[in-house]
Structure formats: C-alpha cells, structure tokens
Amino acid sequence: MSGSDKTYQLDETTLYSVLNLKYGATEVQIRKAYMKLARELHPDKSKSEEAGELFKKVAHAHFILTDKKEKMKYDSKLLAKGLYDYSPRIPNDKSRQNGMFKDTAKNSKTFTNNNNKDDASADTSKSKPRKSRPYEEQPYGFGVDTGRGSGKNIPLFKTFNAKSYQNSKKSVTPPRPKQPSEKNKRATSFSNENRNSSSVPLAKNQAKKTANSGSAVGSESRISSSGSESSSNVNSATGSSEEPDVHTQHKMARKDSYLSGFQSKARSPESPFQDPAQRHFVRTKYVSSRYDKRSLSPVKTTPNSSTETLNNVKNIFNSMSDRLRHTLFGNSNGDAEDEDQHNTQHDTERLFKRAKLPGRKILTDEEIDEIVKQQNEAESNDPDRQDYGNSFNLNVDNLSVNTQDFNHISEPSPEKEETKANKAPFLEEVYEIKSDNEHLEEKAAVSPDDGIDTLGLNELGETLPNNKEPFDMRNVGDSLDNYQVKRMKVSPKPRSVPSKTTPGSSHAEENLQEPVNIPLPRIYKLDPIPIEKFNVDLSISNIKLPEMPNLLCNVLDKAQVLECQQKTAEFTKQTNETKRKLLHILSQRCSADEELHDKLYRVENVNRMVEAKLYDLELMTKLSELLNRQRMVAENYAIMINTMYASGLLEKN
C-alpha cells in the first residue's frame, strides 16, 4: 500500500488533541504520542505532501507542550476557553486498523482469484484481533464473522468437516512443553521466515528436525511424518486457520543468559519470588530507596520524651569531652578499660562551662619559640606527671587551659610527650570538665553575683517543656500587633434589612457594625471659639458720651457769644475722641469676623456669633447717638452765628 492510498487525520482543536491526548497529559505521554505520530507522518517515512504538513503541526504541538513556560500559558488559555475537558475525536487504536490513516483503496479492490482471497484474509487477520470462543459459543449462519482467518472464505456449497474445525482450534490451546531434545533449540527470525516461505507444511519440517537430531527412530519418524502430512493436507484442503497462524508468528525475544541461568535453578517452595532474579531486583530497589532516607544527624531517631532528649544531649557532650581529652593528653592502648569505667561512672551528669577568653593576640615567631622552650624545661624538670587532679595550666599571655577530674588517666608514653612538647596549643574556646563533688562545692562557694551562668543537666530537665503538655496559643496574639491579618469584609452574621427612614430622622437606633444602605451619622467633633477671639471689649458700657453744651445766650452780648463758641469747640473735641475709640473697637470686630469665618457658622459657635452681633449693634448705637449730639450742637451754633451775621454785629466786630 503506497503513501498516496492513505488519508491522514488530525484533530486540530487543541494541541493536546493534535497528539491524540487529553488535557493534563504528562511529559512521558506527550513524548510517546509524538514519537508514534512522527513514525507515520515524518517526510522520511511518508511520501505524501499532506503528511509533511501534518508533521509540522505535530512538531509545533510537541514543542509547546514540552516547554514548561509555554505549556503553562497554553493551559491557562484552555482553562479560559473551557477546552480543558476536550477529548480528541480521532478513534483510538482498537477501532482503527492502520494507525492515523484510513485504507481507502481496500474498499475499492475486488479479488478474483484464490491468491487475492488469501491476501485479503491475511490483511483482515492482522488488523482485527482473533476471536477465541469455545465450541458451544461458536455462531452459525450466513454473514457471521467467526474470526477464523481464511475459514470465512469457504464456499457455501462446501460441507462442514468436524475434524478440520477441531484442528483449527488447536492454536487456542496452550503450547505443549518442549521435549528434552528440543531444549537447546532457539527459534529465530530466520527459521520463521523459512517456515513462512517454504511450501512444505509445518509438521513435515518438524519431522526433518527430529530426524537430523537423531533422537527418534527413523521408522517412527517416517510414520509420524506421513501421518502429519495427511493431516496437513486435510487441513489445507478444508481451509483451516492453522497455516495463517504460522505466517503471523513474530520474532521471539532473545532471552538473557543471566536470567536464564537463574531460571534453570530450582525455586524454593517457601520463597515468594518466582526466580532469584526477581528477588535480587526487589532487594536492590529497596536498598536504593532507603539509601537517600538515611539520617545524618547524631540523633538517629526522634525522641519520644524529654528523658530521651536529655540522654542524647549527655551523649553529645560526653563525646565532645572525650575528643578534647584525647587532643590534650592523648590516649594509650592500655588505658581502654580505665576509660570505659570512667565513661560509665560519669555518663550520668556533667557540668560544662564555656570559659570566655579575652581578645586573641597574634604571637610572633620569637614568642612561640620561647613558649616551646618553657614547656620543654617544665616537662624535663617534672618527669613524674601522674597527678592530673590539680590543674594543667599553660600561662601564655592570652592562653589558659583548665582541666580537672583526670586522676584515672595513667602516665602517657614518652613518645607522645615529645610530640606534645613540639605543639603550641592555640585554643579559642575551652570546656572545663568538673566532677560531681567539685560541682557541688563550687556551687556552694560561688555567689549569684559572680556573673557566671551555670546550668546542670538536672535543672535543664526541669526547665525543658514536656512534650505531652500542649502549647498555649491564647497569648500568641499579644506579640502580633503589627502583623496585618486579612479580615472578612462581610460579617458572617445574617444581614438585617434596614428600615427606610426619612432624611430628618435620627440614626441613633442603627448599629454601626452592620452594613446599611443609608448614610451613617458623622462622628462630630466640637471646636468652640472662646469669647476673647471675637475681640469683644466689655468695657464699652463704661464709655460715657459728652454732654451737649447750652448755647442760649444774648447775641448782643459779645462775651456770651465767645463763651458759647468755646463750649462748642470743647464738645467737638470730646466727641471726636469717643468716636475714634468706638470706630477702633468696631474695626477689630470686623477683622475678628474675617479670621473666624470658617468656624463661625458651626453649631457650637452660633450663639457666640449672635452675642458678637449684639455687641456690634451696641457699638453702633453709641456711635450714632454721639453723631446725633454732634449734629444738634453744630446746628445750634450755626443758628447763633447766622443771627449775629444778620444783625450786623459780626461785621462790626
């Protein structure tokens, strides 16, 4: 069948459907689907131009779905469009016979001879799975596909042969076990091809093989071969389906020599594994899975109580003290027993204090040489260094090592003394190891004001919290004042429908914690204005207006006229001073109103504003009265002067 006879189909709705997959397929599934389509649509495999264009779409879909960023973008688009649950419309492998294409030429071909019929039966037997049913369930009648290969092409006029039908069903039965003479034989593709190409039946070839091996008698083999020939001829004449089964045999997988060696051995009846290879695989898989889960911490198991935690802490400190002792004094092979006894005696409790040293000083080479000479002289002068109960001090500027409770250690070897003499210890942090008795004595002697914080293991056990006691979370919120917590925007309580109120009604009955559809009342803040800022001078009541002078006089008397003139001048002077004072107070009031314009009309300042306006009115009343008096005095004086002018007395004077 050529490439032009194939019609390819792809569901291009989504990139997943192009690869015949659903949304959410894994990378392995995408890779397998791409490789499967590439074998059919690649230009090197197919000569059709349509296949080349479809392969570009398949490659593009594979590129997008294998890139993590592009796949995330594409998946978000599918979720937005609602195509995440779309399934491809191309039929699956069970319903299609020829992959991604349809055989369009098979329906148009007609078979005229027996060879063409055999070829067509071979194609259908390859494409459709064989149906194996028991004898009682086999259907009979016209137009029924029994799935027996070439048997369905039997002419209608041919009679049914029960023996040939039974021989055709032999392929369904399990194969017979191999004979001892056939164990070393291997079925290869070459042997299968020879059996397929040769016209000799299968039973005849089997008889030849047994004759060559020499494992059977010649006469018996001839009898068996003749019998098999007759049976095979009957099968070929009746059109049995055994010969097509021989043609459809595939190449057998090569057996591994390593596994075959294990399989040859007898399996123990008590073993749950089929062979040693399976047991080896399971054990290797279990070990490799457990290898990455190993704990690297000194405490291998999680402690179940505070006592186990204390014991683990003790063991860690004891191992650190042993390492420190070994670095300072060494350890001989003969002291192993004493060291074990010491560990058992002092594993119960120990006190460890970290001595803080002053700032480290960098020593020169000359100072280091002097230190080494002093150490050598001290060791040469005191060869018997057995008592370690006192202390071991290296007094070098900023270095001090204090160790006690080492009476159990014997004298070190002279070789180790020489090696220690050549070393200048530079220790930045030193742990002091105390025994139980010394710890009690020092605890009684040291006062709490010494500034040294020591904590025994017993006290540590009392201070540590018990694992059985639950943690109290009630006071945790006190330390989270500045932490921003997202609160619910809507109260979980059911909403109450607010009643419709008029704009003038009060909102005192409304609950401010529940959302309402009416404007909430404002929280009003009072801002009163003191009376002093209004520039109201209460001393205005004490201001007295000048009295009007009496201008009644004898016009003919010159002295009386002059006296009236002086009284008028004094009155005018007094009224002008009072008027100037009243106008000054009024101007201050005007400026105060301008400054307090924003706050003047608030509720708490309205009454004060009324008082200020009354004050202004009082000022204006006094001012108007003063002006009225000035008018009246001026009119009287003008009448007097005009009378004198009319009489002619003014010209004479």
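Here the Cβ of each residue, glycine as well, is placed from N, Cα and C on the backbone.
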Feature region 'Disordered' in Swiss-Prot, mapped to one of the ranges 329-351, 398-420, 490-512: 490-512
Taken over the domain 'J' (14-78), the model's mean pLDDT: 88
Secondary structure content of the domain 'J' (14-78), with strand meaning DSSP E or B: 48 helix, 0 strand, 17 coil
